[in-house]
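According to TrEMBL, the protein has these features:
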- 20-45: transmembrane segment (TRANSMEM)
- 203-222: transmembrane segment (TRANSMEM)
- 228-253: transmembrane segment (TRANSMEM)
- 274-294: transmembrane segment (TRANSMEM)
- 300-320: transmembrane segment (TRANSMEM)
- 327-348: transmembrane segment (TRANSMEM)
- 368-401: transmembrane segment (TRANSMEM)
- 523-544: transmembrane segment (TRANSMEM)
- 550-572: transmembrane segment (TRANSMEM)
Amino acid sequence: KSSKREWKPLEDHSCTDVPWLLLFILFCIGMGFICGFSIATGAAARLLSGYDSYGNICGQKNVKVEGIINSGLDLTHKKYVFFLDPCNIDLVHQRIKSLALCVSACPRKELKTLADIQKFAETNGSSLCSYELQPSEYTTDPRAAKLCPKYPVPESAPIPFFHRCAPVNISCYAKFAEALITFVSDSSVLHRLISGVMTSKEIIMGLCLLSLVLSMILMVIIRYISRVLVWILTILVILGSLGGTGVLWWLYAKQRISVSAVETQIAKDNLQALLIYAISATVFTVILFLIMLIMRKRVALTIALFHVAGKVFIHLPLLVFQPFWTFFVLILFWTYWITVLLFLGTTGSPVPNEEGFVEFRMVGPLKYMWWYHVVGLIWISEFILACQQMTVAGAVVTYYFTREKRNLPFTPILASVNRLVCYHLGTVAKGSFIITLVKIPRMILMYIHTQLKGKENACARCMLKACICCLWCLEKCLTYLNQNAYTATAINSTNFCTSAKDAFVILVENALRVAAINTVGDFMLFLGKVLIVCSTGLAGIMLLNYQRDYTIWVLPLIIVCLFAFLVAHCFLSIYEMVVDVLFLCFAIDTKYNDGSPGREFYMDKVLMEFVENSRKSMKEAGRGGGAEGRELKPM
């Protein structure tokens, strides 16, 4: 029935999925309650000002904790947290395993003996030993070995805004870094990689800026030469792949000749990395050629849609900036979320631990608040991304179904945002919640897989990976269906389920076209991403090649290429979204209109030419099959 229902684009607007909007608002109120609760219980003060091992908050008067000595002290003049052994890090619980005290000042120079610690206390009025020892007793009291810091005391400085004394030389955290980077078994390799990044930091920043400029240039090219974009990108990627592969093999051959003269470990590492890069580039180029050979005949509709998408960006230039606004909002939300998470880590009631010191723990049902907080991270992040999809869909739908383009709103993007806020926030909340329901089990299975790594048998490991893979595929399918459901909602102002059903029917009726668009179109956009990554990587290879004898440039090159791909993906994902919305509008247009009086097409002239050419080819095919005079529908 939904496939027979008349579509009336932009004729009526009504509120959709209001109960889901109310549910989302209640959920956000719960997120606010968690933040307020953590602040009200003193977590914010403990996080920002810091607290010692006895439960005292630095820089203020404190209340006595029952059963804990040295608690309830007046530490108004002691505003900084100082750890007696800051390099003793608990890798399991990821915290500093040391007695913490509140001090007046951090030691700004290294203190090598107890006499130096005593002199520092007498000079600066900052006692670095436990509260029960007076500075005059540091060198005479036998308890000083346990109650005073481990010496030599490293030079430290306060962390801005968080009032913690941190060692200026971070070499004592090298063990922690090596434990985090599990794929590095040799610490010397880790040190060489880090030194390579630090030596090449200016080049890395310049190359990241280059990837941003190239992405902007590619967006400009898409706007003005969309008709030939497919072939230009194809030729450039062919030349880029061949050129990049040739340069890598040339550099490998050149460095292999010179490596015998320079017998250094860094030169050998760079030679091995060049060989891996050259082989990978060769395999990638061969696979790329085979895919392009298969898809060379399926680009007619894609070229037409790309051309119309270029016109959309000309009429709606603010679409280019959508990734910036979305990323900015996500950064704000993630900052808030991490801040509240840190609050939750210091909230609760003071409880003595097995060592006789104070820890803050939540008891009862409140200790599960962080689960609610994690669900909030996923749902609200998906909600923000869905708002971007609905905004883009609404603007493109307005463009497509407005016959006279001069009658478009002054800013279709703002008009789309206005419709979203007034009518369709509930639909966005429901769609994002469905994605959340799929993401949470997948994340739980990934966590279980990580925790059981090396302990489970091969069968259990295979089953876990299969479940994770199936959930990932389901998530991608639902994301694509959600995007088309948002487009249907923007067209007909129907609720989420009705829109999803209508969009699904249209997509099934055009399954082959959907497959062609999602393979050819997405592949061409992928070629754009490859072009940006290859260009940035090639520039990186040429620049870093001058430092090959004293710098390992494996990690800097990987960082640059990852950043270039991320930037290209952010820009071209909007273009991909516009093409998908245009295709659904095109499918609906050709389904309910045939160009006759009263049922005129809404589509652009380029798409009209495609429809006419498609009809002519179908008529010729029908005549050739003995069905002369029979007119076939284009879809």
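Backbone N, Cα and C define each Cβ position, glycine as well.
Contact between the transmembrane segment (274-294) and the transmembrane segment (300-320) does not hold: fewer than three of their C-beta pairs are under 8 Å, each pair 6 or more apart in sequence. In summary, the transmembrane segment (327-348) lies against the transmembrane segment (20-45): three or more C-beta pairs, each 6 or more positions apart in sequence, are under 8 Å. In this chain, the transmembrane segment (203-222) lies apart from the transmembrane segment (368-401): fewer than three C-beta pairs between them fall below 8 angstroms, excluding pairs fewer than 6 positions apart. If you look at the transmembrane segment (20-45), the same-chain residues 6 or more away from its ends with a CB under 8 A from one of its CBs are 57, 60, 336, 340, 343-348, 360, 366, 369, 372-373, 376, 379-380, 383, 425-427, 429-430, 433, 496. Away from its own ends, the transmembrane segment (368-401) comes close to residues 9-10, 24, 27-28, 30-31, 34, 37, 312, 315-316, 319, 322, 325-326, 329-330, 333-334, 337, 340-341, 344, 362, 408-409, 412-413, 415-417, 419-420, 424, 427-429, 431-433, 435-436, 439-440, 443, 482-483, 486-487, 489-491, 574, 577-578, 581-582, 585-586, 589, 602-603 of its chain (Cβ-Cβ under 8 Å, at least six residues beyond either end).
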